[in-house]
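Feature list (source: TrEMBL):
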type	residues	note
BINDING	105, 106, 133, 134, 135, 136, 205, 208, 230, 260	pyridoxal 5'-phosphate binding site
MOD_RES	231	N6-(pyridoxal phosphate)lysine
């Protein structure tokens with residue numbers, strides 16, 4: 001469906017009027033953001049919710065400093081993976097008892113893929129996208145090295161459609177809801193149906209959609225899902241990921257990382273492993289309590305904000321940026337890598353420029369934070385809860401000026417660090 005933002009292209013004043021009428025405007029005050037900074041990197045790391053600092057101080061000063069080990073019971077530390085999972089569940093369209101917060105996305109992906117393979121023991125093939133985020137590819141590559149006879153087929157390399165690749169040898173299909181580089185959205189319900197028609201199971205990576213796009217895991221029939229919490233869920237750097245296991249699989253699905261937190265009776269200290277009931281069996285080892293407590297504020301925001309308003313504003317922000325850039329930067333060999341149709345685009349815009357890294361560094365020097373992915377992709381994330389339409393206008397103006405003046409050619413903008 002087309003998004004009409006032509007009236008916002010007229011002037012910055014028009015964007016100011018839109019900001020004043022924004023139904024999500026009140027959420028801007030819920031986050032710490034430095035004055036004068038435009039943050040277009042929430043698709044990589046969300047800002048700190050103000051309430052997170054309160055919750056962390058409570059966890060450090062009271063629960064840890066004063067109550068010490070009694071906080072495992074008194075402050076509910078032991079149940080935090082389930083408590084926070086219940087906050088995430090409605091955000092990703094899951095009924096109660098199917099989501100926990102635990103470990104990292106990579107570890108959770110390994111758990112889900114292994115579980116799917118054990119549920120389809122007679123099958124030997126996994127399907128993934130060739131342009132998945134690399135950790136997804138690396139985990140699947142690792143699975144092939146630890147499971148005899150398991151093979152991998154890549155969409156975009158071994159075939160151009162799921163129909164070309166899937167057959168009765170496929171055990172599991174692993175796709176991302178939103179592509180990490182381009183922001184392209186996949187039609188998950190249709191892909192799940194095709195997967196199930198072939199007798200395989202479907203694992204969904206929601207890292208670039210949870211908290212900013214409508215996600216309906218139960219409705220779509222997804223079997224397993226994973227996602228990180230430090231992007232649009234604003235959980236903080238390195239905050240634990242989440243894992244979804246559909247209730248229909250929980251009794252038979254096997255967690256390959258059988259740590260003591262996933263034991264049916266962890267404090268019985270038994271010699272042999274006996275898996276806990278339900279989603280708890282996908283817990284593994286002791287969890288980072290401070291990170292879990294810091295995450296809670298972001299999840300409370302995500303659970304409260306209207307998802308339809310969030311999605312509508314996301315589409316408007318990205319469309320405004322695309323049209324402003326097309327109007328201003330068409331002579332600088334900047335290429336749009338994201339889908340042009342708003343319904344097929346997540347909450348980020350990817351632009352290709354040969355010297356994109358230097359351009360991003362020049363923007364950062366102007367307090368406009370975006371990021372870069374090799375080779376040449378400039379990524380701009382648009383988180384609707386704290387970004388304004390005037391921010392988008394100013395960012396496009398700055399990008400135009402950096403390109404026009406060739407400021408990006410300065411030597412200081414060519415120095416690469418470990419993290420880009």
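Yeah, the Cβs are placed from backbone N, Cα and C, and that goes for glycine too.
Projection of TrEMBL feature records onto the structure.
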{"residue": "105", "record": "pyridoxal 5'-phosphate binding site", "DSSP class": "helix"}
{"residue": "133", "record": "pyridoxal 5'-phosphate binding site", "DSSP class": "coil"}
{"residue": "205", "record": "pyridoxal 5'-phosphate binding site", "DSSP class": "strand"}
{"residue": "230", "record": "pyridoxal 5'-phosphate binding site", "DSSP class": "coil"}
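Counting only same-chain residues six or more apart in sequence, the Cβ atoms lying under 8 angstroms from the Cβ of residue 230 (pyridoxal 5'-phosphate binding site) belong to 45, 46, 236, 237, 238, 239. Residue 205 (pyridoxal 5'-phosphate binding site) is surrounded by 27 other CB atoms, counting those within 10 A of its CB over all protein chains shown. A separation of roughly 13 Å, to the nearest angstrom, links the Cα atoms of residue 205 (pyridoxal 5'-phosphate binding site) and the residue listed as 'N6-(pyridoxal phosphate)lysine'. Taking Cβ-Cβ distances under 8 Å and a sequence gap of 6 or more within the same chain, the neighbours of residue 135 (pyridoxal 5'-phosphate binding site) are 105, 106, 109. The maximal spread of the pyridoxal 5'-phosphate binding site, taken as the longest Cα to Cα distance among 105, 106, 133, 134, 135, 136, 205, 208, 230, 260, is 31 Å.
Taking a C-beta cut-off of under 8 angstroms and a sequence separation of 6 or more, residue 231 (N6-(pyridoxal phosphate)lysine) has the following same-chain neighbours: 42, 43, 44, 45, 46, 207, 208, 210, 211.
Of the listed binding-site residues, namely 105, 133, the sparsest CB environment within 10 A is found at 133.
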